[in-house]
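Chemist: Structure below; questions to follow.
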Amino acid sequence: MGAITLDGKATRDEIFVDLKERVAALTEQGRTPGLGTVLVGDDPGSQAYVRGKHSDCAKVGINSIRRDLPADISQAELDATIDELNANPECTGYIVQLPLPKHLDENAALERIDPGKDADGLHPTNLGRLVLNEPAPLPCTPRGIVHLLRRYEVEIAGAHVVVIGRGVTVGRPLGLLLTRRSENATVTLCHTATRHLPQFTREADIIVAAAGVPHMVTAEMVRPGAAVIDVGVSRDDNGKLVGDVAPDVWEVAGHVSPNPGGVGPLTRAFLLTNVVERAEALARG
């Protein structure tokens, strides 16, 4: 018997129904949320991501604010665009689409974002607030992972979660999220240089693979019945996009998130959620 599929697309659609109602209520008050994007250059992947985010906005009634800039823009011109969105009352939250061209300073750009308008939840100030368990926009992918597990009633409280990956977008903040009292998981943070990795994963109730190594998690590394979340994105030798979880894991695990179609749709859903939540907070005063 194969694993139960953790369906991110269906779960995203449920979130969108809720967001559409909340946005409609805000619009009645004259407070329609606005999501901004800053896209530099013409990278096809980045363009596709940005199009997808604005398509999502249209589905739930959020206003789209696009700032598409040429690849040869200067740091000063990029900074001016960020400052404009920080000051723009129509923009509730926004993102700077990465990667930026190599002549631009990504960290400087991200730190220039108003933390209150940080739709990704990855501003250093907001990550610090997560450490301190203070209210702040939450990182979208870790939030999506927790929501997906709860949607399918995978027990988190008391669970041993092994996270493979130490990046700032998933691995590090996910550990912070899962060890809050509201989640109460025990987290082991591993990575590509972890010795004897299978010894850790075989003890896990939940495995989150976010290392970007094709099919690194195999069936022999998974305890029967465990939940496995595949967040990794990389390309195999043929140039095909693949995740971190090998196909044979589906025969051993109790729950598996597909990739694509698992966590990715929820990352985008919680980008919108962060914007709507800020609009609601502003409406409350």
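Every residue gets a Cβ built from N, Cα and C, even glycine.
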Chemist: Let me know which member of THR188, THR192, THR201 Swiss-Prot also records as binding NADP(+) at the site of GLY165, ARG166, GLY167, VAL233.
Modeler: THR192
Chemist: Under a criterion of Cβ-Cβ distance under 8 Å and sequence separation of at least 6, what residues of the same chain contact ARG166 (NADP(+) binding site)?
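Modeler: Long-range Cβ contacts: ARG172, LEU189, HIS191.
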Chemist: Just how spread out is the NADP(+) site if you go by the largest Cα to Cα distance in Å among GLY165, ARG166, GLY167, THR192, VAL233?
Modeler: 14
